[in-house]
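**Q** So TrEMBL has the following annotated:
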- 94-293: domain 'ABC transmembrane type-1' (DOMAIN)
- 12-30: transmembrane segment (TRANSMEM)
- 98-122: transmembrane segment (TRANSMEM)
- 129-150: transmembrane segment (TRANSMEM)
- 170-187: transmembrane segment (TRANSMEM)
- 232-254: transmembrane segment (TRANSMEM)
- 274-300: transmembrane segment (TRANSMEM)
């Protein structure tokens with residue numbers, strides 16, 4: 001198991017290097033500059049800023065300097081904020097992003113697996129059709145459309161939850177953002193679970209369990225659930241990636257002080273240092289989460305780790 005984990009870890013290094021290189025050159029070669037604005041700065045100030053941020057050097061040299069800083073754990077300076085570096089701003093926003101992202105991830109798994117199991121138990125019956133319709137709504141509608149609908153209904157008309165902001169950090173400020181993030185993935189997980197559960201329930205060992213007089217719910221919990229969760233585990237990596245990228249939009253819509261808000265503000269202000277640092281941080285996090293999912297899948301299926 002340890003050898004498999006090390007192999008997977010080593011395989012992520014070239015992926016990260018290619019991604020970092022691509023992001024660096026795309027941002028550096030994009031039209032405009034980090035100090036462009038409605039009021040042009042004097043040439044002397046622009047020259048001093050370029051020297052300060054190493055922007056006066058050749059592009060390859062800028063790249064080598066940036067990679068060297070990355071290897072030391074330095075994500076570089078923020079062009080728009082002199083008080084905080086990129087890493088400091090990410091660490092400020094990380095607790096908020098981590099809170100809503102982790103909660104949405106866990107809720108999506110719990111709700112998705114539970115609804116999928118119910119759909120399989122009541123296959124082609126009324127509960128299955130009702131749950132299927134609700135799932136379809138969650139899967140089809142994007143989070144940037146679900147968010148304003150929930151804000152309008154539950155935040156303005158019913159006034160059950162705040163429309164946005166963090167406030168005093170109580171749970172009422174988190175419910176709507178978490179629901180918006182979790183709903184699409186809960187729907188996808190439930191569909192995967194339902195299909196996998198139906199397939200497993202038709203296996204011979206399940207028929208044997210039923211022949212012994214074991215009830216359907218106990219059969220699911222004891223015998224069918226673990227093999228049925230294999231496809232779900234393989235989806236958790238992409239789901240975590242979608243949750244992270246989706247949080248950029250959700251945090252902006254709800255005005256949450258997470259990493260997504262810093263990223264959007266940096267993009268609007270052409271703070272390329274912050275944009276690049278945030279993208280790299282998300283890439284590393286996504287690769288790490290996918291690595292954990294691969295290890296979990298190998299733990300569930302010995303055939304995978306013995307390849």
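The first residue you see is number 1, and the count goes up from there.
Keep in mind that glycine also has a Cβ here, set from the backbone N, Cα and C atoms.
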**Q** Using Cβ distances below 8 Å and needing 3 or more such pairs, separated by at least 6 in sequence, tell me whether the transmembrane segment (98-122) contacts the transmembrane segment (232-254).
**A** yes
**Q** Any residues 6+ beyond the ends of the transmembrane segment (129-150) with a Cβ under 8 Å from its own?
**A** 115, 118-119, 176-177, 179-181, 183-184, 186-188, 190-191, 246, 249-250, 253-254
**Q** Could you give the residue numbers and ranges of same-chain residues that sit at least 6 residues beyond the transmembrane segment (232-254) on either side and whose C-beta is under 8 angstroms from one of its C-beta atoms?
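**A** Long-range Cβ neighbours of the transmembrane segment (232-254): 96-97, 100-101, 104-105, 108-109, 112-113, 143-144, 147-148, 151, 163-165, 176-177, 180-181, 184-185, 188-189, 192-193, 196, 260-261, 263-264, 282, 285-286, 289-290, 292-294, 296-297, 300.
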